[in-house]
Amino acid sequence: MIKKRNTTKISVIGAGSVGATTAYALMLSGVATEIVLVDVNKAKTEGEAMDLSHGADFVQPVNILSGDYKDTESSDIVVITAGAAQKVGETRLQLINKNINIFKSIIPEVVKYNKDAILLVVSNPVDVLSYVTYKLSGFPKERVIGSGTVLDTSRLKHEIGKRYKIDPRNVNTYIMGEHGDSEIATWSVTNIQNIKIDEYANKENLEYNDNFRKEVYENVKNAAYEVINRKGATFYAIALAVTRIVKAILGDEKTILPVSTLVENYYGIKDVYLGMPCIVGGSGVEKALSIDLNKTEASKLVKSAETLKNTLNNASGL
């Protein structure tokens with residue numbers, strides 16, 4: 001549990017596009033009194049911290065520093081965005097061997113100075129690297145969280161909201177499983193303000209059929225690739241997703257977010273990190289919710305878990 005104190009310290013490991021934008025989003029949100037940036041590129045990290053600090057007059061009081069692992073000591077949350085960037089045409093799972101080696105150098109240093117912190121993994125492939133972090137850190141599963149499918153779920157809500165011309169915040173649904181190509185959309189539990197999506201579409205004379213579901217799902221699944229093809233990287237939306245998770249932890253909100261957590265017995269899935277609806281609060285993941293899926297969704301989720309397990313088993317350096 002995050003202890004009540006007058007200051008809140010968040011460290012961000014990795015000051016690339018995702019890390020720096022996450023620090024910016026955290027700064028705007030006002031959730032932290034201190035933000036520490038750490039990266040192998042010292043000059044860039046110093047520049048990012050300076051640039052952010054120059055906006056201090058426009059936000060709630062916050063001290064932004066660049067430093068090394070020692071400077072992260074006693075963080076409430078350590079956000080890990082470091083790793084090789086996903087290239088055009090490269091899947092998240094193809095990044096694994098590069099980033100496992102990076103994490104083997106990062107995690108021991110983070111743990112050395114942050115015995116009580118919650119670790120929030122953002123680097124891709126996030127589910128695999130969350131599991132790697134869990135194993136390397138020795139922390140309880142509740143305190144090792146992946147950003148999971150929080151962003152994918154937002155993308156799904158956006159797609160449905162855009163097509164139905166409604167506020168995406170009124171769409172209740174989840175993307176589950178891998179944050180990547182084997183993720184699943186939980187159409188069977190999707191609703192618009194507690195009205196099942198098929199009933200809502202029928203009542204409002206809107207499209208809802210196999211073609212609709214396929215198009216929406218493909219747009220969500222391929223969203224990152226489309227952004228990367230156009231601008232080289234994704235970082236704004238994931239920074240907002242990370243900030244949402246951080247706020248849930250620091251505020252002990254006990255809100256439900258589809259973060260990546262260790263699954264221990266769900267449709268026979270065990271010992272793998274997956275994006276799952278979880279109650280997120282001051283202790284991190286306080287409970288993973290076992291929502292009822294239909295047979296097709298459950299089968300796809302099992303396959304998603306198998307994909308991640310096979311990737312872990314075939315990865316070098318573990």
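Backbone N, Cα and C atoms are what each Cβ position is placed from, and that goes for glycine too.
Because the structure is a prediction, the values reported are computed rather than measured.
In the three-state DSSP scheme, HIS179 (active site, proton acceptor) falls into the coil class. Annotation source Swiss-Prot lists active site, proton acceptor at HIS179, citing sequence analysis.
When other Cβ atoms within 10 Å of the Cβ of SER123 (NAD(+) binding site) are tallied across all protein chains shown, the result is 31. The feature NAD(+) binding site is assigned by Swiss-Prot to VAL18, ASP39, LYS44, TYR69, GLY83, ALA84, SER105, VAL122, SER123, ASN124, SER147, with sequence analysis given as support.
Taken from Swiss-Prot, the feature substrate binding site applies to GLN86, ARG92, ASN124, PRO125, VAL126, ASP127, ASP152, THR153, SER154, ARG155, THR234, supported by sequence analysis. Classification of ASP152 (substrate binding site) by DSSP places it within a helix. Take the CB of ASP152 (substrate binding site) and look out to 10 A: across all protein chains shown you find 27 other CB atoms.
Sequence annotations record features per position, and here Swiss-Prot assigns phosphotyrosine to TYR225 based on sequence analysis. In sequence order, GLY89 make up the list of same-chain residues 6 or more apart from TYR225 (phosphotyrosine) whose Cβ falls under 8 Å from its Cβ.
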Tell me the Cα distance separating GLY83 (NAD(+) binding site) from THR234 (substrate binding site), rounded to the nearest angstrom.
14
Can you name the binding-site residues among VAL18, LYS44, SER105, SER147 whose CA is within 10 A of the CA of VAL126 (substrate binding site)?
SER147
Widest Cα span across the NAD(+) binders VAL18, ASP39, LYS44, TYR69, GLY83, ALA84, SER105, VAL122, SER123, ASN124, SER147, in Å?
25
Can you tell which of VAL18, VAL126 has the least company, meaning the fewest other C-beta atoms within 10 angstroms of its C-beta, among these binding-site residues?
VAL18
